[in-house]
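The annotation transmembrane segment is assigned in TrEMBL to 6-28, 40-62, 90-111, 126-148, 207-240, 332-354, 374-402, 422-447, 475-494. Taken from TrEMBL, the feature coiled coil covers 283-310.
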Amino acid sequence: MGDFNLALVIVAIVVCVIVFLFNIYLLVNYQHPDDKNQAYFPKFVVVFGLFIATISILMLPADVANRQACSRAIYNGACNLTLPMKDLWIAVYIIDAVLVFFIIPFAMFYYEGDQDKSIVKRMKSAVLWVITTAIVCGLVLGILYGLVGKVDFTVRHLSSNTTTFPSTWEFSSNQPCIGSNARECSAYLANASSEKTWTMSVTFPEYVVALATIVGSVLFAIFGGVGIACLPLGLIFSFIRRPKAVITRSQYIKEATELGKKARELKKAADVLHQEERSGSKGRKWRKNVKAVEKELLQLEEDVKLLEEVYPQGEKAETSWALTVLGYLAKLVLGILGLIVSVAWVAHIIIYLLVDPPLSPFLNEVFIKLDNIWGLLGTVAFAFFCFYLLLAVIAGAMMLGLRLVFITIHPMKWGATLMNSFLFNVGLILLCSISVIQFCATAFGYYAQATAAQEIFGHTLQSLRGIKYLYKYNVFQIAFVVLAGLTFVYYAAFGWRRKKPSGRFQLSS
């Protein structure tokens, strides 16, 4: 403990324990009943992955607090007694990459393997799939690194004459250099011909992290832009579309009978698909039918949940209905608070990132003023805004539906989430968390200056050959704001309408 600030270490340990316990709580309450008391390795990967994703987001505020820990010290060397944030960042990124590209795919292949096969055969099949994927990705990365694995820094060639050490200095905006015949030495006054391009190679790990960040940035711009709007508006319009009263017993019996009939149809379809899987006929049509059955099953579960809401049963039926009403009221309150945060985020991006020069530091200045009120108040607010952005990414992924191009989005349901859906979403969160950190470090650059994160997300990523223009012209920030605006318009036009179940399995009106 002698090399670190004791207070920061204690806070870090307490936060880690709370996050770990909360992730276990999420797993226990979200898992499907079929996965209880089994699939322990995928469950461990889920808890550990969520832990790394959450801690990586909270590390940025910790980095700021770590910088402030020695800002008012009264003895020399106080900054050497704080947390080694740069080493911690590197460790988190390595663990993040290993989880996303190796451990989670292995766990998914193992979990989705034929249950009739032995554990050894399922592990062997999963290892082969992961090795094949790793070889293909390694070849692609190697070729890209060999061709464009360089950074191009734009610099200015500046110089000045030498002279004897004077007793007074006479510099001004018109004479910034030593000697009247000197070349340009002021970066602000130098002409365009003084600009040079300094090219250097990056290390392969840095290049892999950069490409992973680009992939995450694409997903972040899509999911985050949609989620920053749908996260609060979804809660608000859920209150608007809430059931106003319970239904009668005769209505309940009618609806329950219809749902039971459709559940039996689904079971027959699932049995047929299972027989086809055993016979080895797993073609394109089979996979299409599996996804159709999965979609119908999710819709059926939604219908059952809605029916249970509008007709609570048991001795505590009235209490259950009261809790349902209170739950919708809580959604309204949280939705309004979230809408304020979302509007602040979008406004900050426009004011501080898209306008050059920035119109105002905006949220950066708010955090600084909160720190002046109480040492960690600004850091807590900063952590909240960063974590809210990650929640927006998750909400955006869930809102976009069951399919995005060629990737199946696995929805998470309370008490009905299978481990493969858990693993997929954890991988998605881990991949996007890197971009969330990079985005927050840029958006709050004034507040988070002189931190280890700023050093890591310096000019290397934004000067990488082939992709630097994405950052130069703020492509990800513009896409984020545009998608947020379109989502706001969509909810304003259609969000108030009561959702009707899609597909063949519907509740009767």
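The backbone N, Cα and C atoms fix where each Cβ goes, and this holds for glycine too.
Within its own chain, the transmembrane segment (207-240) is flanked in space by residues 93, 97, 100, 141, 144-145, 149, 328-329, 331-332, 334-339, 341-342, 345-346, 389, 391-397, 399-400, 404, 428, 431-436, 438-439, 460-461, 464, 467, 470, 475-476, 479-485, 487-488, 491, 495-496, which lie at least six positions past its ends and keep a Cβ under 8 Å from the stretch.
Within the same chain, the transmembrane segment (422-447) stays apart from the transmembrane segment (126-148): fewer than three Cβ pairs sit under 8 Å, each pair at least 6 residues apart. The largest share of C-beta pairs under 8 angstroms with the transmembrane segment (374-402) comes from 40-62, of the ranges 40-62, 90-111, 126-148, 332-354, 475-494.
If you average pLDDT over the coiled coil (283-310) in this model, you get 79. Counting residues 6+ beyond its ends, the transmembrane segment (6-28) has Cβ neighbours under 8 Å at 43, 46-47, 50-51, 54-55, 58, 62, 65-66, 69, 82-83, 422 in the same chain.
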